[in-house]
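I'd like to ask some things about the structure below.
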């Protein structure tokens, strides 16, 4: 459980969502358009596509410890580089945005390494009857970070001039998490395997396993469905402020809606993780909750049109 804490902490550092809840004030401070501000979030998605394959190889071949520590250092480095964009004595002028963007890109390299680690960690460090719960706890730290970002950014930036303060506040936990992960994780596998499946791994070599997955129809279906779910969640998180503020709502209200969106997801994930650990009804639960998500998305679209 101690090892689980490090990737969970890193996963909760939602650097990519720093600017989305205060997009209008960020655009005014750096004298850029909202479309350019959106790229600070979108770059995470673009980088995660090619680097996700690299991150999977690192986890599979080099090990969990290396992946977590590398993620921590990349996240810290990117957060520090972002700070350069608001340091007045550097007199960067119009170049300040590019320091911000480069910092976001480096942080984006860190994200796949840590997001993909929960299943590997659960398989190596937990017995069979605790794996779904451990995986849920590590995975849900990511939307927990989204919750924090949705509340923290609007609270820190009532006006555009507070953007430097916000970047400084986000940098402190990144540096702290890097130090903790570097010092705290000593082994890539536990000294005593928690289960027989952890002792006798049946995983294929990386490229062989990748080819097998691409020929696995049930996996492709699940990948498309869960990828769509993650894409929907990401779109809501990144663009909710712009959707609501255009209709006259404040940044604080938009941040509160984003926070409620995440709180309900965390509560549902906690209850569902405990439920499937005991019943093993993975398929039934997945189908039911995908249907509920689809209905909720339709309701949101209809209400948005009525407000417009």
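Using the three backbone atoms N, Cα and C, a Cβ is placed for every residue, glycine included.
Pulled these from TrEMBL:
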{"type": "TRANSMEM", "residues": "39-59", "note": "transmembrane segment"}
{"type": "TRANSMEM", "residues": "66-85", "note": "transmembrane segment"}
{"type": "TRANSMEM", "residues": "97-116", "note": "transmembrane segment"}
{"type": "TRANSMEM", "residues": "137-157", "note": "transmembrane segment"}
{"type": "TRANSMEM", "residues": "163-185", "note": "transmembrane segment"}
{"type": "TRANSMEM", "residues": "219-239", "note": "transmembrane segment"}
{"type": "TRANSMEM", "residues": "259-276", "note": "transmembrane segment"}
{"type": "TRANSMEM", "residues": "288-307", "note": "transmembrane segment"}
Counting only pairs 6 or more apart in sequence, are there at least 3 Cβ pairs under 8 Å between the transmembrane segment (137-157) and the transmembrane segment (66-85)?
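Contact between the transmembrane segment (66-85) and the transmembrane segment (137-157): absent, because fewer than 3 Cβ pairs are under 8 Å.
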Which listed stretch (39-59, 66-85, 163-185, 259-276) has the most C-beta pairs under 8 A with the transmembrane segment (97-116)?
66-85
State the residues, same chain only, that lie 6 or more residues beyond the ends of the transmembrane segment (39-59) and have a CB under 8 A from a CB inside it; answer 'none' if no residue qualifies.
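That would be 16-20, 26, 66-67, 70, 100-101, 104-105, 107-109, 111-113, 116-117, 120, 206, 210, 234, 238.
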Would you kindly list the residues that approach the transmembrane segment (259-276) from elsewhere in its chain, counting only those six or more residues past its ends and only Cβ-Cβ distances under 8 Å?
132-133, 135-137, 139-140, 143-144, 146-147, 150-151, 233, 236-237, 240, 282, 285, 289
